[in-house]
């Protein structure tokens, strides 16, 4: 959508505020299923929940061009519908990883799985301009929406919610996974009062909000920034938007390897999470402040790439922390903190459209930097890598 919105806004005559509204409408639905997805995954297993989510959002993607042609309200509803499907994905993934991955491999595995999202963005942003120029903007939604059916067929045949359910797993491997992990019994009752009484849980929630404000602005508005400020055309915007996501895919895995190595060398999980997340906050803050000073488009793209590259260290910081502090409730905890993260997406994307009508890109980046600094402070004071929920 972040690429297709450029020809769509010309065809339908949308201004910046309308574009911001469309970009943020995805998050309305995404917000609704974060906690529900987490509860559902913790109770019935991540395989079913993730499978449902992919089918739902694939159908919504295919229907997007039809909705856009009927009218703006229909498009907003369809984008929200797509968000409903995608909202269960991260809680379900977190639940599956908490069952399958020993603590010693946690950062690497999470980074590897999440780098799939970054590589998806890379492929989407690189291919979208080509599809648009050859077949028109609706082709983007039809082609990417239909890929979900192929994935779903493979998922149904090959995936299992936990090692106990996998008939092809050897006894030795089961012992290795379950030995380095925590109780695998499904959750029947979620202790909300206990969860919400813990300071590290609130550190996760607030830090996730601060982190996602900057990330979602870059995700949704970067092609517009390249197009309007750096004067790149649609194809150039798509190809250059690829670079920061490619950087994230690489650096997420480097960060995961560093984090697991530090843990294996005896550094406490708390210290490792604080170090990695501090890089994930302060790196983007630094590079975004440089954007107003750079003189060439190439340097601006480099700053964006460095910002996203350092942001990827968050995969070994706050994103790994749900499984540290409450492995049995990993889905619910991710749902809770990602709800705050999505609120940042909703407000951040809409606010950016509003700021741009009255101010400049400098003002947009200043808000993001301020939130990165607040997040750094709260994370370092209140977070922990120790298990606080049993």
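Every residue gets a Cβ built from N, Cα and C, even glycine.
Marked as domain 'Major facilitator superfamily (MFS) profile' by TrEMBL: 1-387.
The feature transmembrane segment is assigned by TrEMBL to 20-41 (among others). Using a Cβ-Cβ cut-off under 8 Å and counting only residues 6 or more beyond its ends in the same chain, the transmembrane segment (20-41) has close neighbours at 1-2, 5, 14, 49-50, 53, 72, 75-77, 79-92, 94-96, 190, 216, 220-221, 329, 331-336, 338-339, 342-343, 345-347, 349-354.
Away from its own ends, the transmembrane segment (48-68) comes close to residues 1, 8, 12, 33, 37, 40-41, 74-75, 77-79, 81-82, 84-89, 91-93, 95-96, 137-138, 141-142, 144-149, 151-152, 155-156, 159, 161 of its chain (Cβ-Cβ under 8 Å, at least six residues beyond either end). Look at TrEMBL and you will find 48-68 (among others) tagged as transmembrane segment.
Among the features that TrEMBL reports, transmembrane segment is placed at 74-97 (among others). Only residues 6 or more beyond the boundaries of the transmembrane segment (74-97), in the same chain, are considered here, and those with a CB under 8 A from a CB of the stretch are 1, 21-22, 25-38, 40-42, 45-47, 49-50, 52-61, 63-64, 67-68, 106, 109-110, 113, 161-162, 322-323, 330-335, 338, 342.
Tertiary proximity for the transmembrane segment (109-131) is limited to same-chain residues at least six positions away from its ends with a CB under 8 Å from its CB atoms, namely 2-4, 93, 97, 100-101, 139-140, 143-144, 219, 223, 234-235, 237-239, 241-242, 245-246, 248-250, 252-253, 255-257, 312, 315-316, 319-320, 323. Positions annotated as transmembrane segment by TrEMBL: 109-131 (among others).
Under the heading transmembrane segment, TrEMBL lists 137-155 (among others).
The transmembrane segment annotation in TrEMBL covers 201-222 (among others). Sequence-distant neighbours of the transmembrane segment (201-222) (same chain, 6+ residues past either end, Cβ-Cβ under 8 Å): 1-2, 23-24, 27, 121, 195, 241, 244, 277, 280-281, 284, 288, 304, 307-308, 311, 314, 318, 321-322, 325, 333, 336-345, 347-349, 352, 364, 367-369, 371-372, 374-375, 378-379, 381-383, 388.
Residues or ranges marked as transmembrane segment by TrEMBL: 242-263 (among others).
Packing against the transmembrane segment (329-356) from elsewhere in the chain are residues 16-21, 23-24, 27-28, 30-31, 34-42, 46, 87, 90-92, 94-95, 97-98, 187, 190, 195, 201, 204-214, 216-217, 220-221, 318, 322-323, 363-364, 367-368, 371, 389: each is 6 or more residues past its ends and has a CB under 8 Å from a CB in it. What TrEMBL lists as transmembrane segment is 329-356 (among others).
Same-chain residues lying 6+ beyond the ends of the transmembrane segment (363-382) with a Cβ under 8 Å from its Cβ atoms: 199-200, 202-203, 206-207, 209-211, 213-214, 217, 221, 274, 277-278, 281-282, 284-285, 288-289, 291-292, 317-318, 344, 348, 351-352, 355-356. The annotation transmembrane segment is assigned in TrEMBL to 363-382 (among others).
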